[in-house]
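Report on the following structure.
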């Protein structure tokens, strides 16, 4: 094994999502003061890479398209045990949809050279599109498998992967190089040790801009994204909110009455 | 002929010769959009020995079916399916392509979109037509707390995946229309991972998306033993049991029972939520239910904001008596 790439997305900490508000003028989300964390499923991707590295060697490289401030999030991944990180950062990338993002990540993969395995989290917790893994694979002309819940590496360089399907699973065998997207059932991400945190301080985070990657502006950023935002709103849930009062018996009587009215019984 | 097949496409997903429900739901929506825009609906059916499914697709709203029947398409494999879909898109140049946000669709749709270099939106909860035949794709983000509308103005087809259970299938009408076989042209090599084994089990409860009554429990249920109360109540209505994330993590409920952003979307006639705090992740999966009753001992539970009828009480006191009361009424 020469190199395993883990694609990593810094996401706003889900614990603070209640603090998101919207600017009614610009129709953009105000997310100031919300910390970034590693997308939860990407930790499972890092864990998978590290455990494969433990058996077959090679280096584990974290790859991310994000603003320069994401370096601290990448540092957390390095503290888990990844060897180095590459941060793809350029104003030209801002506003990229999933296809444009895949173009940027694909350029990052090519910049790194020959890669045996590229591992992504199955979806991000903020956008939740689950589209980038398949699109990255297509742009690199590599096969890919999503929804991965188990994997075994053969000595012949093949990989046997178990993926979820409706009400069951499928097992597949693929040759490397391969792109896989993993679910949380695959493994339990390791805890970061104090020595891991110390070691991460001296690990390299290489920042590349589009001067290094030279991607056509026509396929990246807001202008290069085929999908456009046509509107955004905070979701509101409005219901009658009628509170039933009285003794438990009265409440039960009243509940059964409603259920009867609804035509259920 | 192909002039009639460049309108709205629906990928008709089948596994083992069985059509996924979402395909019929998408046809229902496609029919509605096509009638509004004066376009035709075409279903794309790939597999082997699956021609008999085309009638079902026609009866549920397709004007025509493009059938790719080939032994190499019998079991779903991403690379061959993506190649065939992309070559069909190149040949017929459809305006819109809809696919289910299933395990298959979530993997296949982005690969197809990248192959033909067009836009794709994920997990749409609504689709509308905008100006100049634009497909407006309504998607949830940030755990569902934000709703965004996406368009794909300059690229075709306009692609979207839709969660199962959101669109309504039309009732079947016997129809005769066009079924057209397509040539499958695939190389010998480079078709990606081979499938070693496929194992599917019949779910032992009615799929959540189909249940008329969903009784869902959350962290507040507290134990496997009390979880049985949730199951008994659901059983009484012939309904299904749903859950939030914690009961799944605790092992009281199965992963497939999870409702919300990373689980199922349900729109039952009646949703009863018990011991559920009501985080956004869950609420976006149930807020379209017709009637919502919630029981929680915490008067400030967020779930109450999304409820028609609220009970602030310990469910251990209420639910057993409710079960008795319903049982008594059912006997009458």
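Using N, Cα and C of the backbone, Cβ positions are placed for all residues, glycine too.
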Joining B:244, B:245, B:275, B:276, B:277, B:278, B:279, B:280, B:281, B:282 at the FAD site recorded in TrEMBL, out of B:59, B:296, is B:296
Ordered by sequence, the long-range same-chain Cβ contacts of residue B:277 (FAD binding site) under 8 Å (at least 6 apart) are B:218, B:219, B:220, B:244, B:296, B:298, B:301, B:302, B:303
For residue B:275 (FAD binding site), the nonlocal same-chain Cβ neighbours (under 8 Å, six or more residues apart) come out as B:217, B:218, B:219, B:220, B:221, B:222, B:295, B:296, B:315
On average, residues of the domain 'Electron transfer flavoprotein alpha/beta-subunit N-terminal' (B:8-200) score a pLDDT of 94
